[in-house]
Amino acid sequence: MRVNARVLIDGPSELVFDYAIPVGLDVKPGCRVRVPLRKKSSIGTVLSVVSADQFEFAVRELEALIDPEPLITPVLLKTADWIANYYGCSIESVIRSVLPESVRTEEHSARTRRIAILAKAVDPVTMERLEKRAPRQHAILTLLGAATDQQLPVADLGEGNSASLKSLEKAGWIRLEIEEIRRDPDADGVEEILESKPLDLNEEQQRALDEVLSAVADPEHAKPLLLLGVTGSGKTEVYLQAARRALDLGKTVLVLVPEISLTPQTVRRFKARFAAMQQEVAVLHSNLSQGERFDEWHRIRKGIARIVIGARSAVFAPLPDLGLILVDEEHENSYKQDVVPRYHGRDVAVLRAAFEPCAVVLGSATPSLESWHNCESGKYQLVRLNQRADGQSMPLVRVVDMRLGSGKHKGAPAILSDKLRTALEQRLEKGEQSILFLNRRGFARSLQCHACGHVCQCPHCAVALTYHRTDERLICHVCGYQSIVPRKCPECRDPGIAMQGYGTQRVEEVLSKVLPQAKFARIDADTMRRKNALRDTLNAFKAHKTDVLIGTQMIAKGLHFPNVTLVGILNADLGLHVPDFRAGERTFQLLTQVAGRAGRGDLAGEVIVQTFTPHSPSIQYARRHDFDGYSEQEMEFRSQFSFPPYAHCAVLTARSTHERRAEFTLQTLHHRLAENTPAGIVLGEVLPSPLVRSHGQFRFQITLRSMRARPLTRHVQAVLAKTTLPDDVTVVFDMDALNFS
Ligand SMILES: Nc1ncnc2c1ncn2[C@@H]1O[C@H](COP(=O)(O)OP(=O)(O)OP(=O)(O)O)[C@@H](O)[C@H]1O
Ligand SMILES: [Zn+2]
């Protein structure tokens, strides 16, 4: 049987062609090859090897095989194929995510240097002779003899030595070799990390570890594990010990975190536990240089780096002998990619684990309802940690109804209730620390005219501009548009234009007046632009150089400060009133996570939640740290309306600078989607997106729901394939969408 290679050509346009495989060449899927394309030669990746018998026309032969062994393992190729089908995107787009550009193209290569190695001990007589007749050779041998491992880079042996080196090599005293050197992302050695020792696990942790280890031992028969552990229950310690055991068994370990830059403490705890095997740990940041990425990728592929920590895209790390995947904070939305391919890192991790097979653990104090549902239906296995690790109690949460105080300060809402203010003062007196959380950066939300009600809006996006005090500017938080602050209302010329709402910057200003003796630090997207700003601010807080940390959701994740005894949530309602059926779930998660930052040391913690809707279930259940209670009532609502996790929900969006064309295109698609709709698919109406205009483009959307995912994706793909879209309209399909704006 003749076979062809189906090859994805590397380049800006996604081209896939078949090429005949020359006799005697062992071409496997996942290898890169050199192929003729038009008059040039190009690089491509072999997607599959297909029978050539059904081809009536002759195809060209491929020119050469670049990698004798596949760059993409069979499991990852299978995963890529699944992603393309499930999310309705091209296999090309997925391969581009699986193989980083620096590895795929031939522009990058390993960095090398020449080294000289002493081949055998040189006797004193020879040395003496050389000293007189060939002082350079003598000097080289002396240097090598004193060096560690008796080897040195040629560059370190001084210039103009090539003749001497050659003579020494010829005489058999030394060997000259080429060595690959790693471009080490940590080379500038920012901070030294001390090795941490494993802790004695409590009973719950031990049981959880045993479950993970039995899955590592027999992954074929194990289900994905959902580790539901309250905040501070010691999930990380379980991860660390499970990882250690998997490594001891000769397996490799993959750790996924929501965002590397926002989880510095988690990353550091892994680095500290595995400090003795530093070379075997790879941290995949988004800010690695291409060369560093190339090196880390090959170190992982060769099995040198055996434990990989990274965000979403690290799920494609080419670890051989994968034994365990850990997905920390599995409920985080940042696991879903919001550009093509729109995959969910957690779901892909579960799938890869099944293909490998290997164990997979999803951990959270507030699991997504999707994962919770998978436990209820028996797809996943639930493991719980109900107690805080070293016996501390969960913090006491008080809810303050801000509606009562709102009459006093007409216009400007009170930022700080009396309760929270008193609590802050008490902490300062006792030398304890506090965290204040507000999920909105900037100074004030918006500028509104009291006379005509006009709100200053972004001209490109349908959102109000946010006032930023430090630069005296109005900034759009969607597209970054900036404008000056008007002195009069641009609409009616009234000078009574004023701030509505408030952000973190305003909180800092007000608080410095109320508590002049306290030292504040602020963490949000505005203050954290500088490299290492987050790390430095957190370190200063840890060393108690600051008393109060004010921040947005950037401080909600994984922070552990034993001296923090008070957490204040300034406006718990901010995420609640957005047009998204997950608004309540997100608010519950965020409040529970933020509240969990309090009382993590020997001192008891207190949380004060300020809200205008004190009876909302998200707030009431978070107050009691009651995931079961929250999920029970929320799941009932989801089931009643067939929302996820009881159905898959996808969004089809059309956007264009021409409003009518975007709407018309989507209506045409709607019309076609409504013909022969497979049973079980619920097709929504064409509606303006909640964010009707963004970056100057008008947006319309259709929501689709279905019990089964594949028929939905297939139906939409079929309709898109036979519809010619106008050039100036972009249509986007998002399966299992998390963002409905
Ligand atoms: N068995 C143990 N004995 C004593 N202390 C422990 C034990 N396990 C964990 N700890 C400590 O308890 C604290 C909280 O643990 P950890 O941060 O791992 O919890 P977590 O569940 O990951 O928390 P979160 O979800 O809130 O980030 C840490 O200081 C950790 O060192
Ligand atoms: Zn904008």
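Glycine is no exception: its Cβ is also placed from the backbone N, Cα and C atoms.
According to TrEMBL, the features are:
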- CYS449, CYS452, CYS489, CYS492: Zn(2+) 1 binding site (BINDING)
- CYS458, CYS461, CYS476, CYS479: Zn(2+) 2 binding site (BINDING)
- 216-385: domain 'Helicase ATP-binding' (DOMAIN)
- 484-638: domain 'Helicase C-terminal' (DOMAIN)
Those residues of the chain, 6+ apart, with a Cβ under 8 Å from that of CYS461 (Zn(2+) 2 binding site)
CYS476, VAL478, CYS479, TYR481, LEU691, ARG693, SER694, HIS695, GLY696
By a simple count of other Cβ atoms within 10 Å, which of CYS449, CYS476, CYS492, the binding-site residues in the record, is least packed?
CYS492
List, in residue order, those binding-site residues out of CYS449, CYS452, CYS458, CYS476, CYS489 with a Cβ under 6 Å from any atom belonging to ligand 2.
CYS458, CYS476
If I take every residue in the domain 'Helicase C-terminal' (484-638) and average their pLDDT values, what number comes out?
86
What Cα-Cα separation, expressed in whole Å, is found between CYS492 (Zn(2+) 1 binding site) and CYS458 (Zn(2+) 2 binding site)?
18
According to DSSP, does CYS492 (Zn(2+) 1 binding site) sit in a helix, a strand, or coil?
coil
Using DSSP, would you call CYS449 (Zn(2+) 1 binding site) helix, strand or coil?
strand
Cβ-based isolation winner (fewest other Cβ atoms within 10 Å) among the binding-site residues CYS452, CYS458, CYS479, CYS489:
CYS452
Relative to the mean position of the Cβ atoms of CYS458, CYS461, CYS476, CYS479, the recorded Zn(2+) 2 site, which additional same-chain residues have Cβ within 8 Å?
PRO459, HIS460, VAL463, LEU465, HIS477, VAL478, GLY480, TYR481, SER694, HIS695
